[in-house]
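Quick look at what TrEMBL lists:
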ACT_SITE  ASP63  active site, for OMPdecase activity
ACT_SITE  LYS65  active site, for OMPdecase activity
ACT_SITE  LYS65  active site, proton donor
ACT_SITE  ASP68  active site, for OMPdecase activity
BINDING   ASP14, LYS36, 63-72, THR123, ARG184, GLN193, 213-214  substrate binding site
DOMAIN    8-229  domain 'Orotidine 5'-phosphate decarboxylase'
Amino acid sequence: MTDSVSSPVIVALDYDNAEDALAMAGRLDPAVCRVKVGKELFTIAGPDLVRKLVASGFEVFLDLKFHDIPNTVAAAVRAAANLGVWMVNVHASGGERMMQAARAVLEPFGEMRPLLIGVTVLTSTAEEELAPVGVTRGLDEQVVALAKLAKESGLDGVVCSAREASALKAECGKGFALVTPGIRPAGSAADDQRRIVTPVDAVKGGADYLVIGRPITAAENPGEALGAIVDDLHQAQN
Ligand SMILES: O=C(O)c1cc(=O)[nH]c(=O)n1[C@@H]1O[C@H](COP(=O)(O)O)[C@@H](O)[C@H]1O
């Protein structure tokens, strides 16, 4: 894990065009936060946009949540590594062979390889939504089981809700990164998220990275919104 960035915040650049994404990145400081490129932006703006963000000094989380046969996922993860991203993710529910293949393909990149992260249960998912898709154990149990599988498959960490962070730290250990979306400063709208936690509580619970989109990008002054979150985190640390 790198500590070249002074806060654990990863700003989700969820835009439908490269110009808006680059404009937002231009208002952020790569020494203070990282940025995330997800499915919509990548589908529209593609690898060029990722290269531009990397070239402007940002550590980029390429959030495409790969889930496919092992060969296809491994090839996609290699392509992401070739873009110079800092973090890339796959769905842990894709299984052990898929995750192992994704991890193996990063070996030749050595220390330059991106962190490989497994998605457990999306933060927009509520407990009652699991049974209809065939998951009969409880949500917390499912998150822990997928995180353990991701760890055994050689991954560097998982995406989970900060609500599950302390249980996962206990199960998976300190060096296993917990990346937590569904972060909402007190008083912000939950939007479509279901398992939300404030930034300070997330870090106190053991989250290593906080993925934050709308509370920053939809704020009247995104720089101030980020600054307020970072200040709260620093105060909570001291
Ligand atoms: O992998 C992710 O980043 C992710 C996983 C998850 O379980 N939940 C989740 O919200 N995300 C992403 O995190 C971001 C959250 O954005 P906001 O809800 O606007 O803060 C979005 O880009 C989501 O795609």
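Every residue gets a Cβ built from N, Cα and C, even glycine.
Just so you know, TrEMBL annotations never went through curation; they're auto-generated.
Highlighted here are the recorded positions (ASP14, ASP63, ASP68, PRO70) whose C-beta falls below 6 Å from ligand 1: ASP14, ASP63, in sequence order. In the three-state DSSP reading, ASP63 (active site, for OMPdecase activity) counts as strand. The candidate set comprises the active-site residues LYS65, ASP68. Of these, LYS65 has the most other Cβ atoms within 10 Å. Here the candidates are the binding-site residues ASP14, THR123, GLY213. The one whose C-alpha lies nearest to that of ASP68 (active site, for OMPdecase activity) is THR123.
When the binding-site residues ASP14, PRO70, THR123, GLY213 are ranked by how far their Cα is from the Cα of ASP63 (active site, for OMPdecase activity), ASP14 comes first. The local packing around GLY213 (substrate binding site), expressed as other Cβ atoms within 10 Å of its Cβ over all shown chains, amounts to 19.
You'll find the Cα of ASP14 (substrate binding site) roughly 15 Å from the Cα of LYS65 (active site, for OMPdecase activity). Contacts of PRO70 (substrate binding site) defined by a Cβ separation under 8 A and a same-chain sequence distance of 6+ are given as ARG97, MET98, GLN100, ALA101, ALA102, in order along the sequence. Highest Cβ count within 10 Å among the recorded positions ASP14, ASP63: ASP63. The CA atom of THR123 (substrate binding site) is located 14 Å away from the CA atom of LYS65 (active site, for OMPdecase activity). Counting every protein chain shown, 16 other Cβ atoms lie within 10 Å of the Cβ of HIS67 (substrate binding site).
Taking Cβ-Cβ distances under 8 Å and a sequence gap of 6 or more within the same chain, the neighbours of LEU64 (substrate binding site) are GLY38, LYS39, PHE42, ALA76, ALA80, VAL88, ASN89. Secondary structure at PRO70 (substrate binding site), as computed by DSSP, is helix.
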